[in-house]
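Asks: This is the structure I have questions about; it appears just below.
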Amino acid sequence: MTDIFEKCKRTHYSNEIGPELAGETVKVTGWVHEIRDLGGIVFVLIRDKNGITQLTAPSKKLSEEMMADVRAARKETIITLTGTVQESAKAPNGVEIIPSNIDVINVSQLPLPLDTTEKVEAEMDTRLDSRFMDLRKHDVSAIFKIKSQMLHTARNYFYDNDFTEITTPKLVASATEGGTELFPITYFEKEAFLGQSPQLYKQMMMATGLDNVFEIGQIFRAEEHDTLRHLNEALSIDAEMSFKSQTDAMNTLEELIKRILSDISTNCQKELSDLDHELDIPTEPFPIVTYEEVIDIVNSRDVEMNYGEDLNRAAEKVLGETMGSYYFITEWPTAIKPFYVMPNSDDAEKSTAFDLMYRDLELSSGAQRIHDYDLLYSQIEAKDLNPDSFEKYLQAFKYGMPPHSGWGMGADRLTMVITGAKNIRETVLFPRDRRRLTP
């Protein structure tokens, strides 16, 4: 018996078959996407990860047995087609394949959980329930190919700039920033939590002498938000740098974003075309507005915002309409930022914290961090937190902690921006929110 892997071994992907191969024999493997039986001729569209190939079966040119094999094709069945390439202006890529052999690799059951041709639209929940099939649609898989390129570029950028990749625990004994947005779990006979952020570990790494570190990993927040931009499990890109100011950190973040956009523009044109989305690639430095300037902008548009308040949804919308594209917000009030954020040396009520925004969407938060043990200890107390809960973290600040800065960025939100997705669930393979824990 012929080995199944030998049977389905292709010579080309669909996007590699063009008019230049006319007259040649090719072998393609994929899923039956669509079937049109016009009586004297049958068209079968075969889909693989790179596109669609058309099988054309004219009854006058093929045996009855071959026509029977073609007509037996069932949607989403995997087949391997061997045949001759023939030019056809109406077919995908300008060619069709006249079959000489068809091998059925695996037959699909019917009915299908959703329509991969998208002639029948499916609700988001239906799509997520059958995510494996949802990703067979090229506009859906395009999002994850772009996300893959984004993460690949991010890693390359960090490696090129002398960063060391780290992996930090996701099971932790206490909150990173305090608060109640924690998922408690039972850790043998102790209470533990899923990590909100690698922040404390990144800072501890600054005491090791590695200077620059980054991590790409999951974070968990027990937020009850049920919005198009929040999830309870998310992917975060984090960086921390010794002997670098918040301005240096902002420059690193901007450089990374621009390199990601450039690489995606170069390497993902087909995917962007599948999404019918045009990249927004800034050529100028990202604008910077202070927190106080944000208040003036928001209030001038009849949305109330007072000093010491975070941006609410109405304020974000107004700011996004005013600023457009990518921009930084700086000089946030110290009182509303985490305990580890360094106050401004000129005015302690203002901090060194910054946010990177894209229109009305927050992408990243960062700051210069406090490196002085006594100041850090007092800031923990000022936030009504117990320093004893941070004993191991604080220890790293007793023996020569360098001044340092860093940031964390939501990779899923950045994917939304790059792909034009309106719902963050579109950018995560198996999203987790308050209503969804499967698949």
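Cβ from N, Cα, C; glycine included.
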Asks: Among Glu165, Glu278, Glu284, Glu362, which residue does Swiss-Prot annotate as binding ATP at the site that also has Arg221, Ala222, Glu223, Arg229, His230, Leu231, Gly410, Ala411, Asp412, Arg413?
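Replies: Candidate in the recorded ATP site: Glu362.
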Asks: According to Swiss-Prot, which stretch among 155-158, 199-202, 255-258 corresponds to the feature region 'Aspartate'?
Replies: 199-202
Asks: Tell me, how many other CB atoms lie within 10 A of the CB of Arg369 (L-aspartate binding site), whichever protein chain they belong to?
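Replies: Step by step: centre on the Cβ of Arg369 (L-aspartate binding site), count other Cβ atoms within 10 Å, giving 25.
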Asks: Taking just the CA atoms, what is the gap between Arg369 (L-aspartate binding site) and Pro92 (site 'Important for tRNA non-discrimination') in Å?
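Replies: Cα to Cα, Arg369 (L-aspartate binding site) and Pro92 (site 'Important for tRNA non-discrimination') are separated by 55 Å.
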Asks: Could you tell me which three-state DSSP class Ser365 (L-aspartate binding site) falls into?
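Replies: DSSP assigns Ser365 (L-aspartate binding site) to strand.
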Asks: Given Ala411 (ATP binding site) and Ser365 (L-aspartate binding site), what distance in Å do their CA atoms have, once rounded to a whole number?
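Replies: Ala411 (ATP binding site) and Ser365 (L-aspartate binding site) have their Cα atoms 13 Å apart.
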Asks: Given the recorded positions Pro92, His230, Glu362, Arg413, state which is nearest to Arg221 (L-aspartate binding site) when distance is taken between Cα atoms.
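Replies: Its closest listed neighbour, by Cα, is His230.
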